[in-house]
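Report on the structure given below.
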Amino acid sequence: MRCCFKVADLLSKTRTQTQLRFTCIRCVSSRSRPNISSQNSEIYTLNKKISNLIRTGRFTEARLVFDKMVNRTIVSWNSMIGGYVKRREIAKARKLFDEMPERDIVSWNLMIQGYVSCHGNRFLEEGRNLFDKMPDRDCVSWNTMMSGYAKNGRMDEALWLFDSMPEKNVVSWNALISGFLQNGDVASAIECFKRRPEKNAESLSALVSGLVQNEKLDEAERILVECGDEDGGNDYLLRAYNTLIAGYGHRGRVDDARHLFDRIPCNLGPRNGDNGTFKRNVVSWNTMIMCYVKAGGIVSARELFDQMTERDIVSWNTMISGYVRVSNMQEASTLFCKMPSPDTQSWNSMISGFTGIGNLELARSYFERMPQKNVISWNSMIAGYEKNEEYKEAVKLFIQMQFEGEKPDRHTLSSVLSVCSGMVDLHLGKQIHQMVTKMVLPDVPINNSLITMYARCGEINEAQTIFNEMELPIEVITWNAMIGGYASHGFAAEALEVFKLMKRSYVQPTYVTFISVLSACAHAGLVEEGKLLFKSMVNEYGIQPRLEHYASLVDVIGRSGQLNEAMDLINNMPFEPDKAVWGALLGACRVHNNAELARVAAEALIKLEPESSASYVLLYNMFAELGQWDDATEVRMMMERNNIKKEVGYSWVDSSSLVS
């Protein structure tokens with residue numbers, strides 16, 4: 001404006017309207033030239049928007065913003081290429097890379113990283129082609145290519161690249177050490193570690209972690225001790241010590257973990273003027289406590305916890321989860337109340353613990369009081385209701401979960417499918433199946449739940465369809481679900497055929513498998529096959545029979561009328577017979593009208609379940625059907641003396657219909 005007014009003063013003293021209508025040449029030039037600062041600001045804003053959209057998973061929107069940009073920078077292109085690389089869409093990333101008007105070293109490195117991250121030598125060679133064409137390379141380029149060769153087991157080429165590098169950094173040495181360890185070459189990894197020019201936490205941690213993965217824990221400890229002797233206990237050792245302690249704990253070597261933990265001083269001042277200190281940190285304490293918790297040593301874990309002068313949220317949660325593991329909810333509750341700031345994990349542990357011991361009321365109380373729920377909170381509560389057969393409450397909570405905007409995940413859907421199986425609710429099961437197809441990619445647990453649900457609800461063909469569509473190899477739980485589904489609906493031949501197919505697929509049966517196949521034999525009257533399967537379970541597969549197996553075998557033998565043999569089996573069992581065993585015998589006695597053994601079975605059942613009327617009613621009805629009215633009357637009088645009321649669903653045989 002000041003420029004314009006100066007020109008106006010020079011034009012005319014009269015200052016007429018016409019004379020004042022002028023334009024400053026400098027102002028015109030300024031308005032006609034684009035505002036560079038404004039343009040840069042707009043590009044910066046759009047680049048930032050693209051980056052944020054990619055980071056939050058809104059990739060389609062990011063691409064739309066990119067496509068609409070009039071002026072793109074290398075940053076714009078690199079952001080989109082990086083996004084495609086992370087999504088493993090390497091073809092789309094390469095298309096953008098080829099379209100770039102200019103590239104920087106980041107562009108090249110992104111594409112090489114993309115090819116290296118894909119599995120297969122074809123992609124690795126494409127990455128190498130780009131590497132060879134690069135106008136300039138930095139350490140990232142060399143390290144990425146070297147890691148790619150190592151990941152694909154081509155250590156000779158990785159080592160050649162390493163030796164050819166004009167300049168190596170810490171990452172280069174660590175990548176080579178990790179590469180040797182990934183390929184099981186422990187000796188070369190250790191030699192490489194000893195040749196490294198500088199000692200640092202990353203190199204040592206990489207070596208120790210790799211040795212742990214290669215089951216060379218003693219070798220890892222030897223190297224740690226050597227490093228400690230060389231450096232007088234520098235602080236860079238600590239991370240590696242913590243890694244090895246965790247490794248020992250993971251493999252159940254708790255005493256070795258504690259020995260290593262005790263080697264770390266509680267408090268050690270600087271040595272020889274070195275400001276670094278080698279002493280336990282909170283991670284060391286937490287790791288050792290976790291080792292004890294995993295091994296069931298809750299007392300030792302608590303002793304360490306009480307010794308800690310400084311605790312973090314992990315310390316508290318580890319200790320609480322330890323008490324939950326051993327179902328000591330009283331101590332877990334005490335710690336929870338003392339905890340300075342419980343987080344969502346703390347609340348979830350308490351919910352899981354109380355559902356585990358069947359205290360659903362208290363679990364629900366914690367669930368309702370927690371300040372912030374996540375999907376794990378909902379899943380824990382729903383799974384708790386399902387395991388304790390509170391199916392209606394589980395369904396109500398599942399509906400509430402969706403109403404409150406929490407999106408179910410595969411664990412939620414698997415639990416609700418189990419609820420549908422328990423309720424034998426095919427309609428709800430089909431609704432959940434529709435949700436599965438829309439919301440998640442079905443994994444093995446969900447498919448197992450679907451098979452079980454459809455089988456329990458009588459839709460055995462639908463269960464078979466899901467089973468047939470599953471990718472090989474199929475795990476034993478899935479086989480068991482299919483065999484159990486056929487067996488429970490009396491399709492004995494089909495159950496046994498699937499069992500044979502399972503064995504041909506070299507899948508090792510479990511005790512659950514044999515419960516189902518023995519049940520199938522009972523339904524089909526396959527006595528000899530049932531006996532052979534029982535022997536095969538013990539002799540061929542080394543599975544010790546459980547009460548369920550004996551109950552099934554008693555059922556197999558009893559249904560065929562071999563009641564004395566069934567009674568001999570019961571008498572020679574290594575366990576005390578339970579209600580399933582005696583129930584199988586009683587049922588067989590009634591079918592074959594063996595009043596003497598029926599009385600034995602019924603009396604045993606009455607002792608096991610004194611308040612149940614089922615045994616009395618079965619025995620009464622059998623005596624009535626045989627016309628043994630004195631015995632029948634005695635059973636009824638016994639019920640009256642013991643104050644047993646007939647349960648709904650059990651009927652007396654009408655004596656008038658039997659006497660004519």
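Cβ from N, Cα, C; glycine included.
What TrEMBL says about a protein is an automatic prediction, not a curated fact.
As recorded in TrEMBL:
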| type | residues | note |
| --- | --- | --- |
| REPEAT | 73-107 | repeat 'PPR' |
| REPEAT | 138-172 | repeat 'PPR' |
| REPEAT | 281-315 | repeat 'PPR' |
| REPEAT | 343-373 | repeat 'PPR' |
| REPEAT | 374-408 | repeat 'PPR' |
| REPEAT | 475-509 | repeat 'PPR' |
Long-range neighbours of the repeat 'PPR' (343-373), counting only residues six or more past its ends (CB under 8 A): 313, 316-317, 320-321, 323-324, 327, 329, 332-333, 336, 380-381, 383-385, 387-388, 390, 393, 406
Overall pLDDT for the repeat 'PPR' (343-373), taken as the rounded mean: 96
Same-chain residues near the repeat 'PPR' (475-509), Cβ under 8 Å, at least 6 residues beyond its ends: 444, 447-448, 451-452, 454-456, 458, 460, 463-464, 467, 515-517, 519-521, 523-524, 526, 529, 537, 541, 543
For the repeat 'PPR' (374-408), distant same-chain residues with Cβ under 8 A (at least six beyond the ends): 344, 347-348, 351-352, 354-356, 358, 360, 363-364, 367, 415-416, 418-419, 422-423, 428, 435, 439
Tally of residues which DSSP labels helix, strand or coil - the repeat 'PPR' (343-373): 23 helix, 0 strand, 8 coil
